[in-house]
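A.B. asks: Can you read through this structure? Questions will come right after.
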Amino acid sequence: MSDLRVRFAPSPTGYLHVGGARTALFNWLYARHFGGTFILRIEDTDTERSTQQSVDAILQGMEWLGLDWDEGPFYQTDNFPLYKQHVQKLLDEGKAYRCWCRPEELEAKREAAMAEGRKPKYDGTCRHRQDQPLDQPHVIRFKAPEEGETAFDDLIKGRIAFPNAELDDLIISRTDGTPTYNFCVVIDDALMRISHVIRGDDHVNNTPRQIQLYEALGYPVPIFAHVPMILGSDKARLSKRHGATSVIAYRDMGYLPEALNNYLVRLGWSNGDDEIFSREEMVQKFDIANVGRSPSVFNPDKLNWLNAHYIKTGNPARLAELLQPHLAGRGVADCSTPDLAGVISTLQERAQTLEEMAERALFYYQAPQQYDEAALSKFDKPHLAAVFSAVAARLSATTAAAAPEFDTLLKEICAEGGWKMPHVGQPLRIALSGSTQAPGIGEIITALGVNETIARIERAREFLAH
């Protein structure tokens, strides 16, 4: 299906949120699955609210997720002359008309309709107006068909039909001459030869109006697929009050792009009972026809579970690159000693996010300045001094270099001292990390190296002496 062309068309009035990211992902996967083209278009016709900062945030979010585009980014503001040509075409063909109704008049009509129990819609006052004071402020409206219905077969929701009597004459050009959203979208999609429009179902009500415009302009009507919305745990539409919604916020909180992609694709789409999909598997198996009609509920616990999976199975060298900014935010400028990939291998099994991993990795780069005194108090000082002396002495003479060897060495120390492993392991873990919540002793010694391990034991002994 090489003629398949899809687009992601965000408005640059904020960041890339998870709902928009899922829409982008579905479009990207559909294009990649069928060998089609994925286009990025920035819908910046709202010049008052659109910002370059928002554009940058959207591009940054998509790049982080790995959603590369084949064409674009295109900007709607570059096409204003083209939109005006199409407005004039409709005027010339009698398919659009000028409207001089003032906002207060329209509001009065809306209130009257509501009071009478009618659906508010423009009543066509200027549709057949003979006098046309062109020097007065006016908008331009599309002359929509008044009879019959406008229907389409949605790939997700099935057939949807709208009685034309319920659709009013859409404004396509404002009083200042700028085109409106629904009009620009139709022109762009038509000229970009978009074959499939995959977007959120909050656009369903726009679709019949856009179909009428396609037909009036003589353009082919694309195939539509409207994706159900994402809800919070309270079944309300996902928003900031449910937690982070920005893609970049999830990056900064320590989530991996593959985890977020995997989670987003499962918000509405399924492939049997499978939960974990690699990028390649998503491309191979995704089909918009398998997206459900019901809204999806955002579950942070499921995202955490997926993120933990990708951290646990991730390449330590790659994770090291991703972890460095999180350590830098904690004052660690140099992650070379100990080797960060080696450190990560001791933490992968237990961390759900990179932020959590960075917090747990901190002791490797910053020797503890204080110790868990409550945990140390469970052992008398003579015992602690004996353990620290025995371990330091054996480490000074050892040629061990790997965690299993250090674990064996500790067992020998326990046997020689007549101690149980917890009576050696816990004090040593506190001496090296400051806490009882740390990886295995052998792993810590391997990552820190023998010299740094001995130095930390000596500092702990000095702490006990005071």
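Residue 1 is the first one shown; counting continues down the chain.
Cβ atoms here come from the backbone N, Cα and C positions, even for glycine.
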A.B. asks: Which range, 10-20, 120-130, 131-141, 417-427, does Swiss-Prot list as motif ''HIGH' region'?
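C.D. replies: Residues 10-20 are the ones Swiss-Prot records as motif ''HIGH' region'.
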A.B. asks: For the annotation motif ''KMSKS' region' in Swiss-Prot, which listed range does it cover: 207-211, 237-241, 432-436, 452-456?
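C.D. replies: Going through 207-211, 237-241, 432-436, 452-456 one by one, Swiss-Prot gives motif ''KMSKS' region' for 237-241.
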A.B. asks: Please spell out the DSSP helix, strand and coil residue counts for the motif ''HIGH' region' (10-20).
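C.D. replies: Within the motif ''HIGH' region' (10-20) the tally stands at 3 helix, 1 strand, 7 coil.
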A.B. asks: What other residues of this chain sit with their CB within 8 A of the center of the CB atoms of CYS99, CYS101, CYS126, HIS128, the recorded Zn(2+) site?
C.D. replies: TYR97, ARG98, TRP100, GLY124, THR125, ARG127, ARG129, ARG141
A.B. asks: In DSSP terms, helix, strand or coil for HIS128 (Zn(2+) binding site)?
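C.D. replies: SS state of HIS128 (Zn(2+) binding site) = coil.
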A.B. asks: Which ones in the same chain are close to CYS101 (Zn(2+) binding site), with CB under 8 Å and 6+ residues apart in sequence?
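C.D. replies: Sequence-distant Cβ neighbours: TYR122, THR125, CYS126.
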A.B. asks: Which one of the binding-site residues (CYS99, CYS126) has its C-beta surrounded by the most other C-beta atoms within 10 angstroms?
C.D. replies: CYS99
